[in-house]
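What follows is a single structure, written as structure tokens, with notes after it.
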Amino acid sequence: MSVIERLTKAAHLIDMDDIIREGHPTLRQVAEEVAFPLSDQEIILGEKMMQFLKHSQDPVMAEKMKLRGGVGLAAPQIDVSKRIIAVLVPNPEDEEGNPPAQAYSLQEVLYNPKIVAHSVQEAAMEGGEGCLSVDREVQGYVVRHARVTVDYMDKNGEKHRIKLKGFNAIVVQHEIDHLNGVMFYDRIDPEHPFAVKEGMLVIE
């Protein structure tokens, strides 16, 4: 049984055992584009990836399944070298603890995503970045574009273009990096990990 066959079985829920860790060769490969129309397996895989993110953000399910919380997952992280990513970025509660009007600022499965334009301005998360495929903490600014325009296909073969900034832009760039065999810590300056370049946006 292939990896994708196992992952897309009806009863299977993606968990941390399915996620490969740094050092695995698939994480350093350039993933293949998917062809349209998608296979049923490719559609189901995208749905399972999104389901994993929802479970990881649900305190009850995360504890039950022993999941690390995540806002993005790329197919290579589950040992499927295809250009598929899922992103699920929740909106925060307001100052009084009320739930947001919209639960998510970004919720999508992207097939063959491609950055087609980006800002000159760079950005990095103040607290650095983490990754479900990296079990250690790696400190330093992960320097990325502050704003990006991304083209992608949905599961129905419809083409979309989205413009992202801030945390959403960071998340999508992190996941697209996985499709190109790039890990987040590749973008940290080893000599000066917390250097702030002129004009760089530091996101809290």
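Using N, Cα and C of the backbone, Cβ positions are placed for all residues, glycine too.
Quick look at what Swiss-Prot lists:
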- C131, H174, H178: Fe cation binding site (BINDING)
- E175: active site (ACT_SITE)
Additional residues around Fe cation, ordered along the sequence, whose Cβ is within 8 Å of the centroid of C131, H174, H178:
G72, A74, Q77, E129, L132, S133, E175, D177, M183, F184
Determine, to the nearest whole angstrom, how far the Cα atom of C131 (Fe cation binding site) is from the Cα atom of the residue listed as 'active site'.
10
Does anything in the same chain, at least 6 positions from H174 (Fe cation binding site), have a Cβ under 8 Å from its Cβ, and if so what?
G72, E129, C131, V142, R144, F184
